[in-house]
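Here TrEMBL flags 7-18 as compositional bias 'Basic residues'. Marked as compositional bias 'Polar residues' by TrEMBL: 21-30. The compositional bias 'Acidic residues' annotation in TrEMBL covers 356-380. The region 'Disordered' annotation in TrEMBL covers 1-30, 351-380. Among the features that TrEMBL reports, repeat 'TPR' is placed at 72-105.
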Amino acid sequence: MAPTRPQTKKKSKSKQATRKGTSSSDPTAIRNLLTTSTSLLEQGDAVSAQQLARDALKAIEDAPSPLSLPLGAALTLLGAISVEMGDIEQARTYFLQAVETDPEGVQPDNIGGGAEKFLWLAQLSEEGGKDSVGWFERGAGALRGAIARAEEAKQTDVADEKKRKLAETLCAVAEVYMTDLSWEEDAENRCETLVAEAGLVAPDHADTWQTVANVRISQERTDEAKAALERSMEVWRDLAPEDIRVPAFPTRVQLARLLMEVELEERAIEVVERLIGEDDEAVQVWYLGGYAYYTLGLKLKEGKESKEEEWKKKWKYARGWLAQCLLLFEQQQYEDDRLGEHANELLEIIRKEIGDGEGEDEWSDEDDEDEDEDEDEEMS
């Protein structure tokens, strides 16, 4: 669970960072530097963002009363920038320094308080396991305090946002107990407790139900896993991509995998088609779409009552998705060799049965065909 949502970033082509107020210790000027730096980071210009954040940090350190300025915010931002630039050791150093400014996460967010630094350290832990859990728990404690303060001040929107973050954090701890700490005697009970609290804190948060499904799959409680996945999708399926309730792109990729695991291929296709609409160069998503269509076709092929054209239709879709997957795989020099090998195996099986499809339109999906049929009916 990343502290910030991954987004498809567009590089800033001509925008240059304007370094204003770098020698000023005025809190407003420093916050403006940090705001601009954050904006540049979100646009993908980490180098310019880093320079402005460093300027802000120097201004804070040179100020007569540095503790009254957003020192923690500058350190946390520099940590996030270091992650983006691949300097994980430096990122840890910045986040640990940020923790020193606010050990309990009780300071206001705008000066670097709150949970973010703890959550980053949980993600970046070299030890993983209990060390990650320890940082996640510190983050969860900070979030619980922030929720209580927001509710007392009747700041409903702030409280809701913190509840979503707390639910994500609890689910992240559950994931650790399902993987690194699965050998612990109480791992399953801890998972149950964590997902139960997450469900109470943010019952309408899609990530919570996806984690519940993951736990249920590990317990071989497939029907409950299916129900949890359906509930997860209900939260966001009709929302615009930019809506905050829509899970992050990688989370939905994992959702498609879980749907495949419990044999909800139609739902998986629904997810991957939307993902391709957001990023049509995602190799893994093309693979999952092809695999889902292949599986649907195979089920029809092996069924007693299905017609030949029905399973062949699914495999034509699969052929197109897998071919695009492998094209991008080569172009991007994608590193998941097992994915590439499996995509090739599936494509070979399909081509032996229905040919290579040269000259055919491989890119229409079932929704497109339904729309074409509706148009034909209207014209007749």
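Heads up, the Cβ atoms here are built off N, Cα and C, so glycines get one too.
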Tally of residues which DSSP labels helix, strand or coil - the repeat 'TPR' (72-105): 27 helix, 0 strand, 7 coil
Taken over the repeat 'TPR' (72-105), the model's mean pLDDT: 94
